[in-house]
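S.K.: I am attaching a structure below and will ask some questions about it afterwards.
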Amino acid sequence: MRIPRSETMNSSFLKARGQQDVLSSPLERVPPASRPGKAPLGTPKTPVLEDFPQNDDEKERMQRRRSRVFDLQFSTDSIHLASPNRNIDVSTTISKFTNTQITEHYSTCIKLSSENKITTKNAFGLHLIDFMSEILKQKDAEPTNFKVAAGTLDASTKIYAVRVDAVHADVYRVLGGLGKDTPPQGEESHSGDGSTLETERTKKPAKPKKKQSCKTIEQNLSNINVSEADGKCAVDPMFQKTAASFDECSTTGVFLSTLHCQDYRSELLFPSDMQTLSSGEPLELPDLGFVDMTDLEASLQQCVEDRPLCPSLAGFQFTKWDSETHNESVSALVDKFKKNDQVFDINAEAEDDEEDVPDGPLVEDFVDNDEPDLSAAGDHEEFRSWKELCQVQSNQEEVISLEDRDIQVMCSFLSMKPGEYSYFSPRTMKMWAGPDHWRFRPRPKQDATSCTEHKKKSAKKDFEINFDDDIDFDAYFQKTKAATILTKSTLENQNWKATTLPTDFHYETDNLIQLHLKPGKRSLKMDQDQKAKTEHYEEIEDYDYNNPNDTSNYCPGLQAADSDYEEADDLFADPVGTLDLESDPKTTQENGHISPENQGVDITTYQELNLVAEPQKVNKIEIHYAKTAKKMDMKKLKQSMWSLLTKFSRKEADTEANHTESGQEGAPEEVADEKKLSGLTKDLQTRLPPLMAQNLSIPLAFACLLHLANEKNLKLEGTEDLSDVLVMQGD
């Protein structure tokens with residue numbers, strides 16, 4: 001027998017004694033006084049080891065667990081709510097509770113009952129049933145409160161019901177464990193020398209399980225087959241709408257003209273899948289890397305070595321400079337310029353202009369009028385004004401000082417390769433579009449006095465308010481003719497769309513120069529310096545208008561007789577240049593006289609050159625076709641045709657139709673003799689209503705006859721010349 005330790009024994013003894021004074025353990029079914037070997041509490045004598053029973057470790061563990069659970073559950077409640085105890089001594093417990101503690105315990109029970117928090121864990125710690133007599137004693141002095149009594153009975157009933165459920169569950173838990181076989185435990189035997197012998201466990205061999213044969217053929221087909229609703233995938237509604245509106249007779253595909261691709265993958269997407277702006281991150285483009293230029297290094301070095309840095313100073317020597325050689329080079333350069341045809345002679349006289357120049361300064365030298373002014377067609381000065389030379393005296397020239405302009409700005413207008421008279425870049429001067437766009441206009445003559453009056457600026461008067469004057473307020477507050485409120489159109493225009501900027505989608509501008517199918521390559525942007533280097537307009541020669549391509553393919557642009565274009569005869573006067581209108585055969589015929597040179601000559605001949613005339617316009621021919629679909633009641637058409645085939649009257653045909661609609665089938669009818677389709681069509685014109693008779697055609701009648709042949713077992717045969725169809729009853 002194992003001897004227990006003294007510390008364990010003493011602790012277990014003290015703990016057992018301390019708990020027994022307050023509340024007994026729920027597993028103790030025997031009263032405390034019936035325990036053998038227990039010393040009374042009042043004994044001053046020190047307990048002897050022989051007086052105590054054997055120590056039970058399992059019981060101590062259970063007591064420690066219950067005390068820990070009790071502390072966790074009732075930490076906020078009164079200290080007198082003890083651990084669950086089903087065999088509690090009511091007389092000893094009630095005597096130790098004061099009236100205040102009983103009142104607190106009563107309020108706690110009522111609160112838990114109202115909140116429905118009475119469970120199996122705290123049901124045995126609530127002593128409302130045990131304190132019922134004490135509560136009634138306290139309430140005897142007061143009149144009976146039925147509301148308090150009802151709440152007390154309700155809480156007591158809940159506590160008792162939960163206790164019964166807990167006992168019932170424990171009993172079934174114990175009964176469930178009775179039928180189970182406990183595993184065999186190894187028995188320990190102590191030998192005389194203290195060695196322990198353990199018996200080996202005998203393991204029974206596991207029996208092989210028999211495989212049960214089951215049917216693999218499913219009898220219910222609904223468990224195997226998938227329903228049609230589950231088999232159909234989700235169809236895009238836009239796809240259904242587009243497919244429904246597809247015309248099978250059209251030459252274009254159903255989706256090729258409407259679907260679009262979004263990115264470089266060229267994947268066709270439906271409109272519902274399209275994204276206006278991509279919300280994802282941009283694709284990372286692969287690095288193009290660097291190009292190896294080591295092979296070109298040797299050839300580039302050879303080009304640099306052979307060329308001088310400054311060709312104009314190639315022969316100049318700092319230490320061996322000679323004035324004679326310098327003068328010779330300068331004289332040679334001067335002779336070169338003198339031999340040039342375009343040498344500017346300062347002492348030369350100015351050439352006189354044959355045309356008259358209007359006196360006085362010019363007003364509105366440039367008028368921003370893009371359209372030609374045809375109202376003053378008779379004024380010769382209007383059409384030769386663009387050829388006039390602007391002669392401005394030296395004293396009227398406006399001199400721009402360098403202080404007002406930056407040298408860097410002025411250099412941007414200069415040409416990269418200036419000539420003797422072309423210092424500015426033609427690209428900059430392209431803003432002048434010529435005489436058709438900008439035209440010089442003569443300035444009207446003004447008197448000297450009027451010029452001086454315009455120069456004088458009117459002095460600006462200071463704003464003053466005189467508070468002494470009498471103000472007529474009626475003039476300011478009288479009802480005016482002008483509207484004082486905003487009109488409806490003004491309010492509609494001044495809406496939030498007119499004053500609010502569009503939504504900024506933060507679109508990447510780099511996508512504009514990015515190729516669609518090859519996003520790795522981009523369009524190069526040329527700087528202004530590179531553009532200026534590539535623009536060598538000075539090296540381009542004048543265009544030769546007399547080249548064979550233009551002279552052979554020239555089209556005079558002949559005008560038709562009903563043309564709206566009319567030109568005044570005085571527009572082509574002598575000052576600008578005489579134009580022979582009689583050279584155009586079309587114009588000579590309109591004027592009423594034909595020159596003998598043009599008689600008998602084709603109108604396409606113009607100055608002994610065979611030219612292609614303007615093609616003739618084809619008259620617009622309107623083709624009549626059916627622009628709207630024909631509507632036909634096929635059911636009524638079939639009834640009328642069947643009545644004609646069976647020689648029924650119209651009234652009998654209607655009665656038969658009513659019988660068939662109500663579900664009563666009449667006697668089957670047959671075709672008596674042969675009928676022709678052409679005759680049936682003519683008879684149908686009189687039987688049908690006017691609108692249906694107008695829409696009736698041979699194809700519709702033949703389609704109706706085919707339906708009847710299928711339903712009524714008719715036989716159709718064609719004539720020998722295939723001009724008509726014979727209808728007869730089938731076998």
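Our numbering is plain: 1 for the first residue shown, then up by one each step along the chain.
Backbone N, Cα and C atoms are what each Cβ position is placed from, and that goes for glycine too.
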S.K.: Select, from Ser25, Ser595, the one residue given the annotation phosphoserine by Swiss-Prot.
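M.R.: Looking at Swiss-Prot, the phosphoserine feature maps to Ser25.
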S.K.: Taking the Cβ of Ser227 (phosphoserine) as centre, how many other Cβ atoms lie within 10 Å?
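M.R.: Within a 10 Å radius of the Cβ of Ser227 (phosphoserine) lie 8 other Cβ atoms.
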S.K.: Measure from the Cβ of Lys481 (SUMO2 cross-link) and count the other Cβ atoms within 10 Å, all protein chains considered.
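M.R.: So the Cβ neighbour count for Lys481 (SUMO2 cross-link) comes to 4.
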S.K.: I need the CA-to-CA distance for Ser489 (phosphoserine) versus Lys481 (SUMO2 cross-link), whole Å please.
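M.R.: A Cα-Cα distance of 19 Å.
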S.K.: Need the DSSP three-state call for Ser489 (phosphoserine) to compare against my parser.
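M.R.: In three-state terms, Ser489 (phosphoserine) counts as helix.
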S.K.: Measure from the Cβ of Ser489 (phosphoserine) and count the other Cβ atoms within 10 Å, all protein chains considered.
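M.R.: I count 8 other Cβ atoms within 10 Å of it.
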S.K.: What does the structure give for the C-alpha distance between Ser227 (phosphoserine) and Lys481 (SUMO2 cross-link)? Integer Å is fine.
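M.R.: Computed Cα spacing between Ser227 (phosphoserine) and Lys481 (SUMO2 cross-link) is 79 Å.
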